[in-house]
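Annotated in TrEMBL:
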type     : residues : note
DOMAIN   : 1-83     : domain 'PTS EIIA type-2'
TRANSMEM : 150-172  : transmembrane segment
TRANSMEM : 193-214  : transmembrane segment
TRANSMEM : 234-256  : transmembrane segment
TRANSMEM : 268-286  : transmembrane segment
TRANSMEM : 348-369  : transmembrane segment
TRANSMEM : 381-402  : transmembrane segment
TRANSMEM : 422-448  : transmembrane segment
TRANSMEM : 469-492  : transmembrane segment
Amino acid sequence: CTIKSLQRRHVCISRLERPQNWGENSCEVRFVILVLAPPKMKSTKTATEVGRTFATMFSDITFRQKLLETKTEEEFKEALVHQRHLLTVVNQRPSAMSDGHKSHGPKPLKLHEFLNVGKGISDDIARRFPVYALDFTDGVIGNNKAIGKYITTMIFLYFACLLPSIAFGSLNDENTRGAIDVQKTIVGQCIGGLLYALFSGQPLVVLLTTAPLALYINVIRGICDDYNLDFSAFYAWIGLWNSFFLVMYSLFNFSLLMKLFKRSTEEIIALFISITFVLDAFKGIIKVFKKYYYHGRTGDSYLEKARTDAIPSLGINTTFLMNSSVSRSMSLENQTGTHDVHYGRETAVLSLMLMLGTLWLGHTLYQFKKSPYLHARVREILSDCALPISVLTFSVVGSYIFKEIEMSKFNYNPSESLFVLAPVQSLSIGSVMSAMGLGFLLSMLFFIEQNIVASLTNAPENRLVKGTAYHWDLLLVALINTGLSVFGLPWIHAAFPHSPMHVRALAYVEERVENGHIYET
């Protein structure tokens, strides 16, 4: 305010002991600033202008946090002077530039950037190697320990990786007639995931086999049937050509093309993947109802054995994370022989209940941290473990409470040899060349999926500080899939939404109130 009796300006800043709610747009008041000035002042030094200056300074959340941490009045004043100096430097930078129209967008790509063979890989290694050891020690050694976060994240990843392995392994088992089954899918993802976690530049990315890869494998099986080709050999050659093209992409820095992808493009692709999962869930449950509800028999009647599709079950409910598994077929014959399974309308109703129940419980527990119940730490643990708790709960419901309703089992052969080299020499030159075309198309899928998922993982809101390694990670994915191809194991690449959810599971999230809205950091 303006007071005539004053000769000079006075500013008083008060830090409250606890936040105060003073009404709309003043929900969390921590500081009160009083500005007094005489009426005859320069236009740049009036009480209003001084108030605007302090408003600019206090708009920085980091600066406000520093003021909250100060112990004495002198420390408070030093923080004010330092912030004023920072604002002065920032405001002077534009005038110091000769070109006042400097663009803040990404630099345009030039041809020579793609001709520097291996430069992207070398830059990635130089950026990530100095902090490589910290990937294994952060949160375990030092002041900022987060052992609890690691434990809950490991439990989350176990279910997040196992369920798609069962779902897509069952689908591949059906499509390839046993050439790629659940056992091979789990083993392949274990080996590939461990190698990627140990040697990648961004170990937060999770590698999995996905629905597009399962569909691609089905197409390969159809081509082999039409042209009488050996599936394992043709599959291996396609994988080798795919790895070859991925190596070329990484050596010639093709990941720089990701600069052309805007954030909106990445989000649209991520949304498309999410919608695909939801649609697969509805397609799966519709297929189950058509088979068991409308065509199934009830009472003392039995359905035919071992020729129809069934719901995969291994004592755990796979419907939450990989919804498409509901519609996939499994064989009812196992190593102990065949047996009659009683099916009817109750099978379809139970499938719907398990799917919706798992989804409801998982979503409820994930949002539980926003509720006022229990201790904050307990709410956080329940939110982090939402997936395993919901899956285990409804697995118990389906396996024990409704144990009279039998579910089919997927194929499992403990004597199966997992590491048999594919007979790559059995194909003709023409078949190898045709595999090159399919391998090139597959490499485009790998390139887009790997880079977009890695970009979403490295998003600014995740506040990752150790740098990126797109070129090196692409090369590593190529090398991993080379080994998987020659042994007939399913291919893997970066998976969405598992990778961003992995980052979220490891993060401590801070909530703050600004202008009546809650923001997370």
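Using N, Cα and C of the backbone, Cβ positions are placed for all residues, glycine too.
Broken down with DSSP, the domain 'PTS EIIA type-2' (1-83) shows 32 helix, 21 strand, 30 coil. Highest Cβ pair count under 8 Å relative to the transmembrane segment (422-448), across stretches 150-172, 234-256, 268-286, 381-402, 469-492: 234-256.
Touching of the transmembrane segment (150-172) and the transmembrane segment (268-286) is ruled out by the presence of fewer than three CB pairs under 8 A, sequence neighbours closer than 6 excluded. The highest tally of CB pairs under 8 A with the transmembrane segment (469-492), across 193-214, 348-369, 381-402, is held by 193-214. Within the chain carrying the transmembrane segment (193-214), a Cβ under 8 angstroms from the stretch's Cβ atoms is held by residues 124-125, 127-128, 135, 157, 160-161, 164-165, 168, 171-172, 175, 185, 276-277, 280, 324, 445, 449, 453-454, 457-458, 464, 467-470, 472-473, 476-477, 480, 490-495, 498-499, 502-503, 506, all 6 or more beyond its ends. The average pLDDT the prediction assigns to the domain 'PTS EIIA type-2' (1-83) is 82.
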